[in-house]
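This report concerns only the one structure given below.
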Amino acid sequence: MIIEPRMRGFICLTAHPEGCAQSVKNQIEYVKSKGKINAPKRVLVVGASTGFGLASRITAAFGNDAATIGVFFEKEPAPGKTATPGWYNSAAFEQEAKKAGLYAKSINGDAFSKEVKQQTIDMIKADLGQVDLIIYSLASPVRMHPETGVLHRSALKPIGQTFTDKTVDFHTGNVTQVSIEPAVQEDIDNTVVVMGGEDWKMWTDAMKKAGVLADGATTVAYSYIGPEVTSAVYRKGTIGQAKNHLEATAFEITDSLKDIGGKAYVSVNKALVTQASSAIPVIPLYISLLYKTMKAKGLHEGCIEQMQRLFADRLYNGGEVPLDAEGRIRIDDWEMRDDIQEAVKTLWAQADTETLKEIGDLAGYKNDFLNLFGFGFQGVDYLADANEMVQIESIS
Ligand code: NAD
Ligand code: NA
C-alpha cells in the first residue's frame, strides 16, 4: 500500500518500512565512516528499537562487529496497518547485521516483566554465553510492576508550584503560553517507579544471578539535565526525580557487581527529537532554538553521532572514562556549552509565533519528527507501493 504520515498530536499513526530501513542504513554508514571502536563483542540493548537505544545497538554492531540482542516493545504490522517504527527499524537492523555476518536477535515484549528478562537470559545462555555490555535505554509512560502487578503511570509535571511558560505546537509553529499544575506526591512516586532505576537494577540482578554477566561487564543508562528554561518541567520536575533515582542506582549496581569487576554508568545525553521527548511540553521549543544555534556553530548531533561519540570518546577511548563531579558521563557537553546556552536564552526571550520562523529551526524539528516514522528520507519512493507486512527475522 502507499503509506503516508498520519499525525495525531505528538505521534504519527503510520510508519514507512523502507524509510525506517533507510534511516538504519544511514546510521550504519555514519558509524562505519568513523572507523573501528575497541568496544565489547557481546552486547544487550534494552530499548533497542528507536532513539538512543537503536543508535547504541548500531554503534556496537557496526563499530566493532558486536553480536547484539535487542529488547523492545513494538507493534507488529497487520494487513493494511503499519507496524510501529521500532519494528521496521529492528527488521532492517537484523537484515543489515546478517549481510555483515553479525549475530543479531530481538525480543519484542515488556522489558519490565520477569518473563522478558528470563527470555533474554535464556537467549544469552544459548547463543552468547555471557554479555560484556548492557545498554539500558527504555523510555515508557507506564510500567506494570513485576512484584505487585500495579500499573504505574509517569507524569510530566513541575513540583511545588504551577509552571507557566512558552511552548510551541511544532506542527503549526504556534507559540502559546502553557500552564501545568504541580504534581502531587503520587505523581512523583509513580514517575520514579516507571523511569527511575529500579528496573535497571532488576535486570542486572537477574543477569548476574543467572551467570550471564561477563567479568568486567559494563552497563549504561541514559539521563538528561538541560537548561534553566526547561528545568521546572524536566530536571526539577517529576521526570527529574526519576533521573535522580536512576543516577543513584548506577552506584548501587556498581556495588553489586564489585566481585565480577563490573561497572554501571549513567550518560547524560543531548536533547533530541524522539518519540519520548516530543511529548514533553516546552522541550520542542527549546529544541528548535537549540538546533538552530548548534547547527550554526557546526556542533549539531543526532542520536547516532551522540552514541558513536559515547562509545569512541568516553566508554572505549582506551583510557579512563571521563566523568563529571557526580560521576556521570557527559555527552551533553556541547549542548551545555556557555556560548550555546547564552544564545538559546536570548532567543527564548524573543520567541513567538512570528519570530520563531527566523530564530528557530522548526523545519529541522519537523523533519526529524517525520524521520522518526520513516518519512522524509532521500532515496525512498514514497509514492510507490510499500510492503507493510515486513517481519523481523529472529522473531517470526
Ligand atoms: P525512544 O522512545 O526513542 O526509545 C524507547 C525505547 O524503549 C524503544 O526501543 C521502545 O520500544 C522501548 N520500550 C518502551 N517501553 C518498553 C517496554 N515496556 N518494554 C520493552 N521496551 C520498551 O526514547 P529515547 O529518547 O531514545 O530515550 C531513551 C533514554 O534516553 C531514556 O532514558 C531517555 O530519558 C533518555 N534521554 C533522552 C533524551 C532525548 O532528548 N530524547 C535526552 C537524554 C536522555
Ligand atoms: Na531508545
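Any Cβ shown, glycine's included, is placed from N, Cα and C.
Database features, via TrEMBL:
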{"type": "DOMAIN", "residues": "2-77", "note": "domain 'Trans-2-enoyl-CoA reductase-like NAD(P)H binding'"}
{"type": "BINDING", "residues": "47-52, 73-74, 110-111, 138-139, LYS243, 272-274", "note": "NAD(+) binding site"}
{"type": "SITE", "residues": "GLU74", "note": "site 'Plays an important role in discriminating NADH against NADPH'"}
{"type": "DOMAIN", "residues": "81-316", "note": "domain 'Trans-2-enoyl-CoA reductase catalytic'"}
{"type": "BINDING", "residues": "TYR224", "note": "substrate binding site"}
{"type": "DOMAIN", "residues": "323-385", "note": "domain 'Enoyl reductase FAD binding'"}
What are the DSSP helix/strand/coil residue counts across the domain 'Enoyl reductase FAD binding' (323-385)?
31 helix, 2 strand, 30 coil
Only counting partners 6 or more residues apart, tell me which same-chain residues put their Cβ under 8 Å from the Cβ of VAL273 (NAD(+) binding site).
PRO284, ILE287, TYR365, ASP368, PHE369, LEU372
Tell me, by DSSP, whether LYS243 (NAD(+) binding site) is helix, strand or coil?
helix
Entries of GLY51, PHE73, VAL273 (binding-site residues) sitting next to ligand 2, with Cβ under 6 Å as the cut-off
GLY51
Give me the Cα-Cα distance between GLY51 (NAD(+) binding site) and GLU74 (site 'Plays an important role in discriminating NADH against NADPH'), rounded to a whole Å.
13
Distance between LYS243 (NAD(+) binding site) and the residue listed as 'substrate binding site' at the Cα atoms, whole Å?
7
Select one residue from GLU74, ASP110: among these recorded positions, choose the one with the most other Cβ atoms within 10 Å of its Cβ.
GLU74
For ligand 1, pick out the binding-site residues GLY47, PHE73, LYS243, VAL273 that have a CB under 6 angstroms away from one of its atoms.
GLY47, PHE73
With an 8 Å cut-off on Cβ-Cβ distance and a minimum sequence separation of at least 6, pull the same-chain contacts of GLY47 (NAD(+) binding site), or say none.
GLY53, VAL71, PHE72, ALA111, ILE135, TYR136, SER137, LEU138, ALA139
Cα-Cα separation of TYR224 (substrate binding site) and SER49 (NAD(+) binding site), in Å?
20
One residue among the binding-site residues PHE73, TYR224 has the fewest other C-beta atoms within 10 A of its C-beta, namely PHE73
When the pLDDT values for the domain 'Trans-2-enoyl-CoA reductase-like NAD(P)H binding' (2-77) are averaged, what is the result?
97
Using a Cβ-Cβ cut-off under 8 angstroms and a sequence gap of six or more, which residues of the chain neighbour SER49 (NAD(+) binding site)?
GLY70, PHE72, GLU74, PRO85, GLY86, TRP87, ASN89, SER90
Summarise the domain 'Trans-2-enoyl-CoA reductase-like NAD(P)H binding' (2-77) by DSSP state, stating how many residues are helix, strand and coil.
31 helix, 15 strand, 30 coil
